Amino acid sequence: MRQEQEFIDLLRTRLAVLETRAEAAVQAALGQEVTNAQTRLERDVLVAENSGLLAAYASGEHGLCFGRLWFRDGADHHIGRLGIRADDAERTPLVVDWRADIARPFYLATGYEPMGLRRRRHLTTERNRVTGLHDEILDLTDAERSGFEGSDADAVLLAALDAARTGRMHDIVQTIQADQDRLIRAPHQGVLVVEGGPGTGKTAVALHRAAYLLYAQRELLARRAVLIVGPNPAFLAYIGQVLPSLGETGVLLATPAELFPGVRAIGTDTPAAAAVKGDAAMADALAAQLRDRQALPDPALVIEHDDGVLILDRAIAAAARERARATQLPHNLARPHFAFAVIDALTEQLVARLGHDPYGGPNLLGPDDQALIGKAVAASSGVHAAIDELWPQLTPEQFLADFLEEPTHLPDADAAAIRRVHDSRPERPARWEWTPADVPLLDEAAELLGEDDSARRAAEEALRQEQIAYAQGVLDLSYGSRTQEFEDRDDEDAEYLAAHDLIDAERLADRQEEIDHRTAAERAAADRTWAFGHVIVDEAQEVSAMAWRLLMRRCPTRSMTLVGDPAQTSEPGGCGSWDAALTPHVQDRWQRVVLDVNYRTPSEIMDAAAAVHRASDPSFTPPRSVRSTGVRPWAREVDAPDELPAALAKAVGELASPERRLAVIAPASLLDALTPALPEAASGAAPDLTSPVVLLAPGQAKGLEFDSVLVVEPAGFGANELYVALTRATQSLGVLHTEALPFGLELETV
Ligand SMILES: Nc1ncnc2c1ncn2[C@@H]1O[C@H](COP(=O)(O)OP(=O)(O)OP(=O)(O)O)[C@@H](O)[C@H]1O
């Protein structure tokens, strides 16, 4: 233990040196005089490179080293959250990043398949003080003993599972299990579905996979960023810390409702409305309504014009519409084709009239005159108004607002469920309160309408050219400031995002974007048409068919990891089945893997929760709990609803403790009545999950976990909502109720 402590102390010293150096480099770069685009670029390269290092160093500070591998061939490696090299000429690796190939036996080797290992050690540390060692002998011919051998490597896992929760998810790099490791390191191509019951580590696997892919596929993914989609803001806050602690920042975390830049979806839908809006039929309805907006006059529009009246009749409009539709461009991009066709036809009409030869000869107007007439028609405000009427330029917001006021191409009941009351304020679309279920519809509308982004693309290209032009100078400068110590891969050749190893200036310009991970994620967040390098969807069973369409657009390569549990589906529009969600997009080209060990919920609680699910589905098989606590879940009946707040306050008083996290999960309709009874509890739309007591609606509890959970009035929960709520606790579960307990929920009464 002393030796390992000395080693960790050495790592800390080394890290401190690296930090100081990177900090100094940032300061020096910020102090540099910026006189032109080149010096600005140089400064930005330096700042970005060194800030990236600082972020990685900070994230590695805790648990610098948690494992050690002795190989049969004599090699001996320490494993940590990030790779660090010594300050010698050979840049000797001191500790290897957990994601490196050489670290794999730490997670996978068994006595049966030792993967070249002689011995594996788990180091337990607290704030970098070594508190325990667990050694496993994988080569039985090995006679050497350290005194820390035993078959209790599981003790490290069980200790992690038993530890008090903090309200923030932690990484599991020290105890990743073999079946999880295989998923984390699975090839990135294609769609991988990870299914598993509550607490099987799906979220943990998804996040570690993101970190692994960014490490192993840096070239490919860092510049395109990885999108991680979670069900609600509370969940994102819960998992938000995990990735930086793994050393990754090239990630955008978002709920599906946040994926239409510029729109904050703060409204709420009725369950019926959310279900209709999520249904795939909406795509057809929107497309059909848009075709209706490409109208024909009935019978004609009469346009006053300086050179005489113009008649825009059905035939002209129909021919123009056909021409525009034949381009197969989105509505707004096809509009100029419609406009040109109308202008041509009206010009012809006017020319025919003005140049008419009463003696039947050819038109009397020459080409120049005809061109002048055409120009005047094209400039006519009357003509523009007519074009606008028949083929309006639309924003997604306008179009969807109009649609929701008068939904068409839907069954009457569906239209009634989503219809919004007419609002005649001129600023309506801006003031419209969008709901989460509207966001995929806005995205669909944006696709149908098309965006004229030629100006933005031209500006981007100009910037890129500028970067390429100056890149050569940056190569030299970057070489001077290269950081050799930070090992981001095993092989010596791969420098940490250093510019000097690039072959040409153009690639540097590309790489320059890569360097600032956060910028990539930020740019992605602001760009509706961004194509992410990999997309991870957590609680994927809740994603509606329309939201899948949006997500697939964000990932044209279909490099995706989807994790979820159909049995936990509770959103009204949730797709539920993988087939329904994926077939429209990838047919049967997806792979499903099941995780079946529950790391969170002790068997006592899992048995009670599973019985609830089995009441509606007798064939249901829950995941197997990895531990039991001997603490049985209980129920307490309260005489009358108005006594519930006081009974809750009492129960919370018994259960709460400053070191532990307690969640009270109650039907949304009861929250207002219960909040005053728990003045200390965090509550509301974005509750602070680190506080000792949190009051949540069922939908907010999705994906989270707590030491203890109190479920209030379970009769008010949807069946799957109740299953989710009951499976959030790592230690104890209690239920308070006035109404009869739902069928299947059988608990000890106290
Ligand atoms: N290998 C592991 N080592 C330590 N802890 C683990 C491991 N795998 C999972 N856990 C822990 O188990 C708990 C449940 O994991 P996670 O939240 O990822 O499950 P989930 O499958 O997403 O659950 P749910 O579907 O209920 O949201 C977490 O506290 C996680 O840290």
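Cβ atoms are placed via backbone N, Cα and C, with glycine included.
Please treat TrEMBL annotations as automatic predictions, because they have not gone through curation.
As recorded in TrEMBL, the features of this protein are as follows:
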- Gly196, Gly197, Pro198, Gly199, Thr200, Gly201, Lys202, Thr203: ATP binding site (BINDING)
- 175-602: domain 'UvrD-like helicase ATP-binding' (DOMAIN)
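For the recorded ATP site, residues Gly196, Gly197, Pro198, Gly199, Thr200, Gly201, Lys202, Thr203 set the reference point as the centre of their Cβ atoms, and the other residues of that chain within 8 Å of it by Cβ are Asp565, Leu595, Asn598, Tyr599, Arg600, Pro623. Over all protein chains present, the Cβ of Thr200 (ATP binding site) has 26 other Cβ atoms lying within 10 Å.
Only Pro198, Thr200, of the binding-site residues Gly197, Pro198, Thr200, place a Cβ under 6 Å from an atom of ligand 1. In this structure, Gly201 is the one among the binding-site residues Gly199, Gly201 with the smallest number of other Cβ atoms inside 10 Å of its Cβ.
By neighbour count, meaning other C-beta atoms within 10 Å, the densest spot among the binding-site residues Gly196, Pro198 is Pro198. The binding-site residues Gly197, Lys202, Thr203 differ in how many other CB atoms lie within 10 Å of their CB, and the one with the most is Gly197. Annotation note: Pro198 (ATP binding site) sits in a coil segment as assigned by DSSP. In the predicted model, residues of the domain 'UvrD-like helicase ATP-binding' (175-602) average a pLDDT of 83.
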